Amino acid sequence: FSVNNSRPTPSQSRFQVDLVSEAAGDGGTAVASDSPPEYAAVPPFDGLRDSEEAKGRFRVVNFAASSPDAAPAEIAQNGDTVMSESSQQHHHYDTHTNTYYLRTFGHNTIDAVPNIDFYRQTAAPLGEKLIRPTLSELHDELDKVRARTPRSRAHRGHVSLSDSSLHVTPYSDGFANGEELTPAEEAAAKEASESKGVVKFGWIKGVLVRCMLNIWGVMLFIRMTWIVGQAGIAYSCIIVIMATVVTTITGCSTSAIATNGFVRGGGAYYLISRSLGPEFGGSIGLIFAFANAVAVAMYVVGFAETVVELLNSSGALMFDVTNDIRIVGTITVILLLGISVAGMEWEAKAQIFLLVILISAIFNYFIGTFIRVESKEKFGFFSYDVGILAENFGPDFRGETFFSVFSIFFPAATGILAGANISGDLADPQMAIPKGTLLAILITGLVYMGVAISAGASIVRDATGIESNMTINGSNCTDAACKFGYDFTSCRPAAGGLVLQVMSVVSGFGPLITAGVFSATLSSALASLVSAPKVFQALCKDNIYPGIAVFGKGYGKNNEPLRGYLLTFGIALAFIVIAELNVIAPIISNFFLASYALINFSVFHASLANSPGWRPSFKYYNMWVSLAGAILCCVVMFIINWWAALLTNVIVLSLYIYVSYKKPDVNWGSSTQALTYHQALTHSLQLCGVADHIKTYRPQCLVMTGAPNSRPALLHLVHAFTKNVGLMVCGHVRIVKLNSDMVRYQRWLLHNNSKAFYTPVVAEDLRQGTQYLLQAAGLGRLRPNTLVLGFKNDWHIGDIKDVETYINLMHDAFDFQYGVVILRLREGLDISHIQGQGTITVLILHVWFSMCVIYTNACSPVSVSGLTLLIPYLIANKKKWKDCKIRVFIGGKINRIDHDRRAMATLLSKFRIDFSDITVLGDINTKPNLTEFAQMIEPYKLREDDMEQEAAEKLKSEEPWRITDNELELYKAKSNRQIRLNELLKEHSSTANLIVMSMPLARKGAVSSALYMAWLDTLSKDLPPILLVRGNHQSVLTFYS
């Protein structure tokens, strides 16, 4: 297109736009105006013609004023382009590059309006993929955007801003919505972009034809009349209706999934895996591909049996029947492989040819039912007759039951996914799959019912095929055939029913029925031979199973899986030569039914999850009907063959467990993920409506790890008593701006099997950030109640202000009713050496109480050290600590040692906490050695006696961490207790694997930070790994039920 290059009025001109050419980089300029441009017949623009790939790409260049002296245009605000009233030269452009059509609410702006190109994931089949400007590019200050430009340019395209110009260049390799492609999607994009002249099928040739050929199959000609003879017209119609109901429900479910977004190749595997996730998809994909491969052998053997029967009737056998079937089957499958490898176009032409023959055979049969020929009467065919209809209306089971007959018929209806299996070769899968599949089910169902009714109304159940069965006058003959002069009562005891080859007798031209049998078997075999590699190729590209990716490579313009064809050919050939197909057949039918069941369940599951992403354009489905369809498929599996159904379930379950264990790195937005979120949200809200109870108490820890991989000791030890028991949140206070590390660290936690949440916050300092986390971490009842810190080993050599902050973290935690746990390790923050490596040795876990603090009130037992008991119990229950022995130490008086021991033993027994020993320390009040403690606190003393009172008060206010002489005297006993406890710890627990001890508590505002830190350091130094625990003085244990 081109536009009139007349100059617009000043009011029309807004800003100048340069078309961006990805190939040459030289575009012309165009002007956006308030009204659409007027198109004139002028020569096309060379720059645009030479760079056709610049669709939708534009660059906004400097905003020109009407003259050099004119005032500058309005400054760009928040990414919006400047409005200029000056006039510009009007160049031609199409409606896509004309910025008039790119305006948002009538304003020229780089803030892009919704465009389908922003939502693409792959390039070629759907069009270009573009990236809308990021929020930062529109919102941040201009200098910040400039600073980020070089980095963002390498990944997303770039936006460069200056005082006089704003450039938006194409996003060369960005991903829509910021989503990166998986390796499989990248491979698909590459193959799609390289393919030219790809053959795509419409809904008739791609879906309708294939489904009809697969559903009709050989069953229509060699089993349908036998089913009518056994079950009668009424039950035969019920059998057909039951099968049609199951397939119709499955067809609707397939249509719903297929219309909930773009469908790639892979058929049933793709639909199930993208709906239920890789676990179900991977298990079904493998058995579905295998079932199609073995189905090729079944159909080819059916064809070979018919050919060998004709050879045998004419005395032209090559060897014997069995070997002839193998020879004919091998030749047939080689020919079918040649057609498939030649390409989907040739395969589609072959299917059309076979469909013509099949439809001709069906019409041939129906026409023959109206033509009564005397020579056919001896075979029981008398054309339509009310007496025959009445006689055949009810069942006459001979060695069969209703469900056994149903199980024989139902495999005929298992071809409804033949079209969906080649979804990657369909021009519009979202339209083709619903329309073609459902119409095929309707047409084939009507034909099956038509054959049942016509056969039951025109053919008697029993016939000898010889003319000597003419009735004799006066004989007692009551059958429908008697009025036509035939007595077939002599063959009634035989368990036969209508003759298997009776359709050839009834038809107008018998050989055409044989051609129909050939067509049905060959078409089904060809469809399966194409479906198996296509499904397997999609499975290989997703890397669900190791070692099979080699079969996913595609060749040619249609990305044909030639290696997959050869694999399918090998499997089919093996079963043709050696397999017992009568045993394999029910297993294959169950494999198909398992796929149908999961497709139905996928729709139910997606609807139940209520995800906003579940928006199928096919509306004729219901979640409960789909669930009923899934249950029906499972019931039919057991009706057909119970042991085959059990075997199928075992195989699916085994593959499901394997894929779940391997955890493939894929994220398809499955309904499993959506339902997990829905259930988590529902249960979280339900928890909020229930008050806390002492019996349901769980330690829920806010662990100040920083980056989770920087303090593994904190992570591992807390994980030891919160795994599958309580919540663990890894808190990280960042002084700088948040970045993308959140996703990386959460993945690190998952990769290391740490059941924890990573929660970073941005704050001015550590204390402020911790206060944010203490108040806001968690959700509802899933909130931390215990703060876990690592011990500050370098407190005496670092900045004392950091010690002040560290102690204030604990005070803040107590203010917010948190418990506090501090971990100190002599060797550093790595506890892997105490978790047992190789053979698990007997571990010893010592629990210390700094004083006897257990007391009981009239209502319930309360222990300020209950958390000190609960944590060792939880740790001891873990597998790595299963042989751990818990020893309990309490402070007491020498004259009450036995009494205190019995009291503690009674309490622990009521709490159901196992222990190996209880030690009462009667010498806890012995005076300790104070020299080392005095040296530790010396640098932090205020020394108020050496200065005036005013100066001392000023220094104390400026440095509140300093220790006053009065404070030392006031807390002398408590200081001595920490020193004495450390001596006792070294004496009794120097060989322990872990010590859990109640932590001394300092009154806020009364005990200086340096003194409190000295207490903690003195108490815990030169010891094995030690946990200092202080609960929030609320009950965490009870012996009441």
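Each Cβ is built from the backbone N, Cα and C atoms, and glycine gets one as well.
Bear in mind that TrEMBL entries carry predicted annotations, made automatically and left uncurated.
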Given ranges 402-424, 1000-1022, the stretch to which TrEMBL attaches the annotation transmembrane segment:
402-424
The correct DSSP tally for the domain 'SLC12A transporter C-terminal' (711-838) reads 52 helix, 26 strand, 50 coil
Which residues, given as numbers and ranges, are at least 6 beyond the ends of the transmembrane segment (565-585) yet have a Cβ under 8 Å from it?
290, 292-294, 296-298, 300-301, 304, 326, 329-330, 333-334, 337, 340-341, 411, 529, 532-533, 536, 551
Are there residues at least six beyond either end of the transmembrane segment (436-460) with Cβ under 8 Å to its Cβ atoms? List them, or say none.
203-204, 206-208, 211-212, 215-216, 220, 224-225, 227-228, 232-233, 236-237, 240-241, 243-244, 247-248, 251-252, 254-255, 362, 365-366, 369, 380-385, 388-389, 391-393, 412-413, 416-417, 419-420, 479-481, 488, 498, 502-503, 506
Rank 233-263, 352-371, 509-532 by Cβ pairs under 8 Å to the transmembrane segment (324-343) and hand me the top one.
509-532
Go through 233-263, 352-371, 509-532, 591-609 and flag the stretch with the largest number of C-beta pairs under 8 Å relative to the transmembrane segment (284-304).
509-532
Taking contact to mean three or more C-beta pairs under 8 angstroms, with sequence separation of 6 or more, is the transmembrane segment (591-609) in contact with the transmembrane segment (402-424)?
yes
Can you say which of 207-227, 233-263, 402-424, 509-532 has the most Cβ pairs under 8 Å with the transmembrane segment (352-371)?
509-532
